[in-house]
Amino acid sequence: MARYGLRTLAVVYLLFLLVLPVILIIWRTFAGGLAPFAEALTSPSALHAFQVTVVVAGWAVVANTVFGIGVSLLLTRHSFPGKRLLNAFIDLPMAVSPVVVGLALILVYGRFAPVGGLLESWGFQVIFSTPGMVIATVFVSMPLVVRALVPVLEELGDEQEQAAHTLGASRLQSFLRITLPGIRWALGYGVVLCLARSLGEYGAVAVVSGRLVDQTQTLTLFVEERFQNFDQPAAFAAATALALVAVLTLLLTKLLRPKD
Amino acid sequence: MTTDTARRPLSPPRTPGGEGRPRPRFSTGTATGLGVAVLYLSLIVLIPLAVVVWRSLDQGPGFFWRAVTTPDAWAALTLTVVASAIVALINLVMGTIIAWVLVRDRFPGKAVVDTIIDLPFALPTIVAGLVLLALYGPESPLGVNLAYTRAGVVLALLFVTLPFVIRTVQPVLLELDADVEQAAASLGASPFQIFRRIILPNLVPAMLSGTALAFTRAIAEFGSTVLISGNLPFKTQVAAVNLFSQIESDNTTGAAAISTVLLAVALAALLLLDLLQRWGNRRG
């Protein structure tokens, strides 16, 4: 009896907190058929926001993938003083509020900050422009690839790599032929998580982008701006598109997740 | 391939940074990699965060204190801490129950339920807020309107923190041996006694770790509360939103002060989490 009670409680809780809200918004978006959905997403503003999102998330994923592979190799294959500290710093972005991230970057790279002012005098604008949005996105999604790779690299061990070295393989060869094939699923898992987080980032990007419509507006900023301007169909359509990407991410991570 | 490697002259095992020499404690390859990683981390994360803390304190502790205790900032910080504590408690109970059902119960569709638990991690926070507003806003088909209320804030925080307790308790519950429970039952223990004396003590470290993670996330949350809370100062404005409006009005020092408080609370929660995990490891 208790079993049915708990099961019902769990299912009802998830239904009302998670399932019904998401289904309702998808249903409302498609209530008028596919045409209004397509129309709302192909307006010039929406297309521009989509393009900005892809550029920012693309660069952030590339940066975090390179950094993630490098740092996880450092953490698992090398010994150096301060390793625990580096390990702790990698997780720091997870605990920082996205708005704090935005403020922190403005205080360093803004027009009136020393570093930002210097870069600006060289004609390189960071804040209220794409580089700042990329840095903000890199910040918030930094730990994801590292955390996906470290356990797998530890599990694999370095015996095969050592063997390759003794047989005369260069470090690049042993990385490409031995390490990379060993971590490819975990890497895929980390990259998918990082991409999802980058596409969906809102708070940090809202601060550093200046929220300039048709200039620095990403899809998540588009959702908010359209909703505040009482353009519900466009807000719902973009939200549904992002929700569908999230569901796709979920299925992909389910496939890629390391089985234990 | 075997013949090829066999013909190759045997060279001494190479260690990065030196051939033949005894492996140094700290090779040049490691040093270069470490240097690049630390520089990258510093430019993006460490220096900006340090500047925030420095900026909040450089005009003296009195200024810091006044910036944090302005009526609207103080109201926002209090609401954030109280709402996050409520959310953490609900997560502690509901997360454990859901983890229990996912591990010990069997019903059709369980795999689907298990998959959708992670949806709040994948869904952009602004979409989470919009989605909740659709069901619990002015146009609610259920007739429940939580828009612009504190209950709406709690609801948004519950949504984004849902997976933490479930995902920390679930693996521990999977590892738990059912034999001990059966032995207790055969000796006449009631289900409640079994839960209290055998299951609960094993789960407590994981439950508390998940709760600490949920609390940290709730303290920092911004996107999901923006739409549903309406950002009414003194009523529904959480700390991150108050911070956002201070940045928009160029009150940098005030914004830095609130940021420092948020960072301090998050670090304290993470420290507690680390202690909890060590405690759990020692017991396990």
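Just so you know, glycine gets a Cβ as well, placed from its N, Cα and C.
TrEMBL entries are annotated by machine, without manual review.
As written in TrEMBL, here are the features:
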- B:77-273: domain 'ABC transmembrane type-1' (DOMAIN)
- B:1-26: region 'Disordered' (REGION)
- B:31-54: transmembrane segment (TRANSMEM)
- B:74-103: transmembrane segment (TRANSMEM)
- B:115-136: transmembrane segment (TRANSMEM)
- B:148-166: transmembrane segment (TRANSMEM)
- B:199-220: transmembrane segment (TRANSMEM)
- B:254-276: transmembrane segment (TRANSMEM)
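Counting residues 6+ beyond its ends, the transmembrane segment (B:74-103) has Cβ neighbours under 8 Å at 68, 110, 113-114, 117, 150, 153-154, 157-158, 161-162, 164-166, 169-170, 173-174, 203, 207-208, 210-212, 214-215, 218-219, 233-234, 236-242, 258, 261, 265 in the same chain.
Packing against the transmembrane segment (B:148-166) from elsewhere in the chain are residues 79, 83-84, 86-88, 90-92, 94-96, 98-99, 102, 117-118, 120-121, 125, 128-129, 132, 136, 207, 210-211, 213-214, 217-218, 221, 224-225, 228-230, 232, 235-236, 238: each is 6 or more residues past its ends and has a CB under 8 Å from a CB in it. Away from its own ends, the transmembrane segment (B:199-220) comes close to residues 80-81, 83-85, 87-89, 91-92, 95-96, 157, 160-161, 164-169, 171-173, 176, 181, 239-240, 262, 265-266, 269-270, 272-273, 276-277, 279-280, 283-284 of its chain (Cβ-Cβ under 8 Å, at least six residues beyond either end).
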